[in-house]
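Worksheet for the structure shown next.
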Amino acid sequence: MDEDINKDTNNNNNTTDSNNNNNNINEDEIIFNNYINNYSNYLNNNGISALDLLIQGRDGNNNIITFCSEIDQMLNGGTPLKKITEICGVPGIGKTNMAFQLLVNTSIPFDLGGVQGKAIYIDTEGSYSCQRVREMATHLVNHLECVLLKNPMTQTTYIPTVETVLNSIYYYRVYHYIEIISLIHQLPLFLEKNKDVKLIVVDSITYPFRCDFKDMGLRTRSLLSLAQNLMNIATRYNLAVVVMNQVTTKISPNQKESILVPYLGESWTHICTYRMVLFWKQKQRFCHLYKSPSFKSCFTPFDIVEYGIRDVGFNHPPPLNPEDQEQEKEKEKRKKKNNNNNNNNNNNNNNNNNNNNNNNNNNNNNNNNKNNDENEMYIEN
């Protein structure tokens, strides 16, 4: 009797396994068929040539600068659009400050080398500081006004205010990896209505995935799906994606030393287009361009000061109060007026000189005519 029960149980288990296998096969067939159909649709559309891609790269929008010229130079002009850039480092090194600087710099006008757009900040750790962002926005506006005062010939029709900069930043707070996956999945609906968004910052990508996953394969699949969606969004909507990553300790095989490596493992390493590692060296902050498809690996120092990310030793002009701004504008007006008056006086002098020259020429012509008449009279006599 027991043997019959065991046989029935084994048969049921085998039937269940067979059903599961059949379900898996059916799911695989559905996925395969969908992929084949989508691939056929891709082939039906006209492709794009390498020359067109090159022209698009040359004629594309400006990069998002960091206000550290050495870092911008490493990236050939700043944080690139249509790419995923990862910034990783130990706590307190300046990752969040770098994120805040990129957020406010997204508002820089086209005429001054910016992208003149808006930004999305996805906060997973509660790191956002309204006061710090407002401080950076104030110094950004002051910097742009100083640039215009020093270069009055600069042609621009738009200078943002502090309120405009802050109003251009959309903030989202998430607490769980399912929330961030859902948010990224729904972002295209938001971006269709807000096509001037040029930056998405995730600070940090690490925190939602540091919880203990019972299935590490699930974590890897979730990360890959999230990264794929971010890459599609960056390419489709012509914007930059910047993700912050923490570091963890890795023990060497011989168990004699340990090193700090970016979190999330090797699979995540191949996802990002650029990787910048921030680190300390002799009490100085450094930025190391660790991974890049087109630039060599290099590093440069940078500072975090009251007004944001800057070059080491950079002297920022003092902020202008409203009275100083009015005085500077009046000086510029007087200078332009004096230049115009001088130009008018020079033109008048030139006209007078031309008139004098014309009079002299007329006198010379009259004298020549008189001499000719006298000579003719002499010949006749």
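Just so you know, glycine gets a Cβ as well, placed from its N, Cα and C.
Because the structure is a prediction, the values reported are computed rather than measured.
For Gly89, Val90, Pro91, Gly92, Ile93, Gly94, Lys95, Thr96, the entry in Swiss-Prot reads ATP binding site, with the evidence type sequence analysis. Around Pro91 (ATP binding site), taking its Cβ as the centre, 8 other Cβ atoms fall within 10 Å, counting all chains. Pro91 (ATP binding site) falls within neither a helix nor a strand when secondary structure is assigned with DSSP, and so counts as coil.
Summed and averaged per residue, pLDDT over the coiled coil (323-377) gives 61. Taken from Swiss-Prot, the feature coiled coil applies to 323-377.
Per Swiss-Prot, the feature compositional bias 'Low complexity' maps to 8-24 (among others).
Taken from Swiss-Prot, the feature compositional bias 'Low complexity' covers 339-370 (among others).
Residues annotated as region 'Disordered' in Swiss-Prot: 1-24 (among others).
What Swiss-Prot lists as region 'Disordered' is 313-381 (among others).
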Item to check | Which of Val90, Ile93, all binding-site residues, has a Cβ with the fewest other Cβ atoms inside 10 Å | outcome: Val90
Checklist entry - Pick from Gly89, Gly92, Gly94: which of these binding-site residues has the biggest number of other Cβ atoms within 10 Å of its Cβ? => result Gly89
Checklist entry - Hey, what's the Cβ neighbour count for Lys95 (ATP binding site) at 10 Å? => result 22
Next on the checklist: Under 8 Å between C-beta atoms and at least six apart in sequence, can you list the same-chain neighbours of Thr96 (ATP binding site), or say none if there are none?
Outcome noted: Ser127, Ser129, Asp203, Met244
